[in-house]
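Report on the structure given below.
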Amino acid sequence: MATVTPQNAAHADPRRWWALGALVASMLTLGFDLTILNVALPTMAAQLEASTGELQWIVDSYIVVFAALMLPAGLLGDRFGRRRMLVVGLCVFLAGSLAGALTDAPGLVVAARSVMGLGAALVIPLGLSVLPSMFGAEERGKAVAAVTASMAAGMPLGPLVGGLLLDHYWWGSVFLVNIPMAAAGIAACLFLLPESRDPSSPRVDALSTAFSALGLGALVFGIIEGPARGWTSAWVLGSFALSALLLAGLVVRERRAARPMLDLALLGRRVFLFNVLAATLGTFVFSGLLFLLPTYLQEVGGSDAFGTGLRLLPMMGGLLVAARASAPLVRRSGPRPVVGTGLAVLCFAALLGSRTEPGDGYGFTAVWLTVAGLGFGLAMVPAMDAALGGIPADEAGSGSALLMTLRQVGGAVGIALLGSLVADVYAGRLDTAGLPAPAAEAARESLSGAHAVAGRLDLPALARSADAAYLDGMSLVLVVCGIAALVTAALTALFLPNPRPAAAPAAGRTPDGPDTAVPDRSDRQDHPGLPGQQDRPDLPGQQDGPEPTGAGSSPAVVRRTADDGQ
């Protein structure tokens with residue numbers, strides 16, 4: 001790897017800790033930006049008169065752009081300078097945040113969120129890849145831990161920070177809060193970070209990037225627009241057909257490439273495939289619930305924005321506790337029973353939540369949210385660890401990138417599909433008999449719209465009908481999530497290999513002979529800018545310290561026994 005600034009000099013620079021602090025602040029901002037917007041959705045629906053589909057696009061536009069562009073973004077940092085592209089990413093993220101705060105139309109918010117997704121696609125993969133040029137091997141682990149933990153900590157803080165802001169300011173404040181953190185990160189990058197690059201990294205494949213972005217966008221468009229346009233409309237069917245063609249083209253091109261951005265051949269390994277399936281399913285359900293729950297808690301439950309953030313904490317807390325507890329369980333019995341148990345717990349929580357009635361208090365909701373959090377923590381964190389631990393070190397960067405990409409796709413599809421199911425059921429079961437046509441249309445657009453119409457026309461029966469219709473939709477979504485979790489649990493039980501840590505007399509060797517270990521990843525320098533190397537910061541609760549792959553990662557030797565089938 002070619003480095004512009006001599007690394008020994010950079011490692012001795014006392015300013016590196018100030019630079020790390022700014023990076024931590026930036027990553028913290030990106031962490032809570034993953035969840036801060038969700039508590040603002042009911043407010044935005046009311047004040048912007050946004051439909052459910054528009055709210056889905058506001059959330060999903062960020063994820064679609066991020067998922068499609070993070071791979072080429074990491075490669076751009078390798079080729080043109082990681083500090084330079086990190087500054088560009090922070091500037092783009094800042095500009096998108098400012099635009100989102102100042103706009104007053106749902107379509108413009110979608111555009112601003114897309115810009116923010118582009119910025120995040122640059123910042124997140126490069127946030128760790130700059131650390132090797134700042135810190136020596138003896139300090140690098142602490143730096144990686146600080147950056148990854150900051151992003152993980154931001155996730156449960158998002159609903160609380162968002163709720164606090166919304167109780168005192170207008171909805172745009174959830175965008176403005178990003179600006180000072182991003183500005184501090186820009187200043188630190190410009191004045192404190194050394195430049196580094198890797199000219200030998202592969203070129204950005206513009207055609208594959210276009211295939212992935214347009215294919216995923218067409219898929220999400222069809223899912224979100226289905227309830228409004230009709231599932232058999234030309235627009236929806238055409239978008240699904242276009243998505244299938246583009247994604248098929250992506251698969252063909254990547255499989256033929258000498259150095260693909262996405263190494264799809266890794267999905268041929270059972271240990272990788274089924275762990276990725278479990279992690280992606282968890283992200284699918286988690287993202288969908290975070291989209292739907294704030295509307296339920298505020299519009300049906302009567303909570304304010306900050307109260308909504310507090311009421312989401314049982315799920316976040318359960319996730320943290322289970323993620324922490326998963327490490328000793330995996331060491332004792334291997335990942336398969338832990339991941340399978342987590343998925344079964346998630347299934348139980350979803351089916352329990354589907355029994356929610358309009359008159360139920362928050363206590364029942366808190367119970368099933370806590371159980372759901374335990375399921376997420378037991379399933380997703382061990383699955384991600386086992387997926388990356390079950391592949392050779394020379395494929396760790398590719399595996400990490402593929403894992404993170406598929407999880408982001410799962411999140412985008414979860415918001416689109418689960419949100420559309422709720423919208424479809426809600427519109428079909430809402431009783432609008434006797435309403436003027438414009439009022440009926442406004443009521444069918446969203447739950448907040450129905451409440452606004454009910455208040456304006458003094459129709460409490462309409463509000464009750466809207467609450468019941470939304471709960472019917474949410475119950476169906478939870479049943480679907482429960483079935484999906486149960487099917488995934490069965491697949492992991494049947495097909496997932498179960499490697500266990502094996503006591504070996506020497507590092508990397510089993511008592512029976514040849515080396516069966518996955519070698520240490522701590523000094524990988526082949527593609528240090530590839531995203532996914534810090535995939536786990538999306539989820540809080542890493543067990544014994546962060547263990548991202550790629551440059552700057554801490555040592556991780558994972559032994560595999562004969563049960564670790566391919």
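Yeah, the Cβs are placed from backbone N, Cα and C, and that goes for glycine too.
Taken from TrEMBL, the feature transmembrane segment covers 17-37, 57-77, 84-102, 108-131, 143-164, 170-193, 205-224, 272-293, 305-325, 366-388, 409-428, 474-496 (among others). Taken from TrEMBL, the feature domain 'Major facilitator superfamily (MFS) profile' applies to 19-500. Annotation source TrEMBL lists region 'Disordered' at 502-566. The compositional bias 'Low complexity' annotation in TrEMBL covers 502-515. Among the features that TrEMBL reports, compositional bias 'Basic and acidic residues' is placed at 518-527.
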Local confidence of the prediction over the domain 'Major facilitator superfamily (MFS) profile' (19-500), expressed as mean pLDDT: 87
Listed stretch, out of 17-37, 170-193, 305-325, that has the most CB pairs under 8 angstroms to the transmembrane segment (366-388): 305-325
The transmembrane segment (409-428) and the transmembrane segment (272-293) contact flag, 3+ Cβ pairs under 8 angstroms: yes
Maximum Cβ pairs under 8 Å to the transmembrane segment (143-164) - stretch from the list 57-77, 205-224, 305-325: 305-325
Best-contacting stretch, by C-beta pairs under 8 Å, relative to the transmembrane segment (84-102) and drawn from 17-37, 57-77, 305-325, 474-496: 57-77
Candidate ranges 17-37, 57-77, 205-224, 305-325, 474-496 - greatest C-beta contact count to the transmembrane segment (272-293) (under 8 angstroms): 474-496
Within-chain partners of the transmembrane segment (205-224) [C-beta distance under 8 Å, separation at least 6 from its ends]: 53, 56-57, 60, 64-65, 67-69, 71-72, 235-237, 239-240, 242-243, 245-247, 249-250, 253-254, 257, 260-262, 409, 412-413, 416-417, 419-420
Cβ-Cβ under 8 Å with the transmembrane segment (57-77): same-chain residues at least 6 beyond its ends: 37-38, 41, 44, 50, 84-86, 89, 106, 109-111, 113-114, 116-118, 120-122, 124-126, 129, 197, 201-206, 209, 212-213, 216-217, 220, 224, 261-262, 287, 291, 401, 404-405, 408-409, 411-412, 415-416, 527, 529-532
